[in-house]
Amino acid sequence: MRIREIEPIVLTSKEKGSATWASIMIVTRVITENGEVGYGEAVPTLRVISVYNAIKQVSKAYIGKEVEEVEKNYHEWYKQDFYLARSFESATAVSAIDIASWDIIGKELGAPIHKLLGGKTRDRVPVYANGWYQDCVTPEEFAEKAKDVVKMGYKALKFDPFGPYYDWIDERGLREAEERVKAVREAVGDNVDILIEHHGRFNANSAIMIAKRLEKYNPGFMEEPVHHEDVIGLRKYKASTHLRVALGERLISEKETAFYVEEGLVNILQPDLTNIGGVTVGRSVIKIAEANDVEVAFHNAFGSIQNAVEIQLSAVTQNLYLLENFYDWFPQWKRDLVYNETPVEGGHVKVPYKPGLGVSINEKIIEQLRAEPIPLDVIEEPVWVVKGTWKNYGV
């Protein structure tokens, strides 16, 4: 089936989410010449307009191509775009189109994506909670919300306890972070994993001080402890602590991912299918990780189409650690966008079996919330911060 049309669609609503980027989605609709429709999702962050335009540009390389030839199509664009391995916009655009292509292939063959990739290794995918700590500042606020998360059935939760600290952290920042982590650990007990998010914003010396301060609380991993591009700092960090490092959401190619894995710089790989290259590249990096005894925990923060495809890939990942889950903290419209999405039960989600993504798309929601691409405001609290947490407390 040849691709006839590719359309980027920006969705937004007055109902906001737990972070600035949560109020928007960039959906990509691919239509074949015989009318089959597939859906993908791209990453908005602060680059809504540029990503929207990138999808339009990348589409020119896909129109008229056989939708089933995902490997060939991806490498054709890799050949055309000299900067694909360095362009976030290009990478997320090609990822969205690739995901939609796999959705179509599954529908054509009457099988969910996990069956196309060799079949599932599990019926249920273990997940961890994120987005739950909106407006938490004091240790007590973190602890109370953490208890609520555990009551919902989650066996693991992630949070950023560092407030407004960036690059450097001082004794006050270390103390506040420790008090928050201690409060959460005491609230949830020792049988729930706590995962520490750094958002890749510290230099190596600060990250090492953080690790030494928090290691007593037995975190399951330390996510992006140093600035993404600071490979030297990451080596220094790895040599200074036994804590496991998780990273990968900002990796945008197979070879870049292979470097981090094969150099021993990561213990838990967090590829994001909406910017790594979709299912086509995603299936490759899973195997690279498995061959190097690295676990996988897909980054899964943006929208319900991403959530659907990453459940499918998690189902076939033998070396899966956990899947990130914002679903319970999505604005309602993101949940209404899909039918058949499976809820979290006992810290797991069931793997859906509908052809393609495993879910159906609510076309009415798309038409109701369709909007022109607009720039997001740049405010004091960065776009990646869970809202209301970019604060100190006390004196």
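Quick reminder: no glycine exception, Cβ is built from N, Cα and C everywhere.
Taken straight from Swiss-Prot:
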BINDING   Glu197, Glu223, Glu249  Mg(2+) binding site
ACT_SITE  His199  active site, proton donor
SITE      Asp272  site 'Increases basicity of active site His'
ACT_SITE  His299  active site, proton acceptor
SITE      Glu324  site 'Transition state stabilizer'
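Looking at His199 (active site, proton donor) and Glu223 (Mg(2+) binding site), their Cα atoms lie 7 Å from each other.
Counting only same-chain residues at least 6 apart in sequence, those with a Cβ under 8 Å from the Cβ of His299 (active site, proton acceptor) are Gly248, Glu249, Gln270, Pro271, Asp272, Glu324.
Counting neighbouring Cβ atoms within 10 Å of each of the recorded positions (Glu197, Glu223, Glu249, Asp272, Glu324), the lowest count belongs to Glu197.
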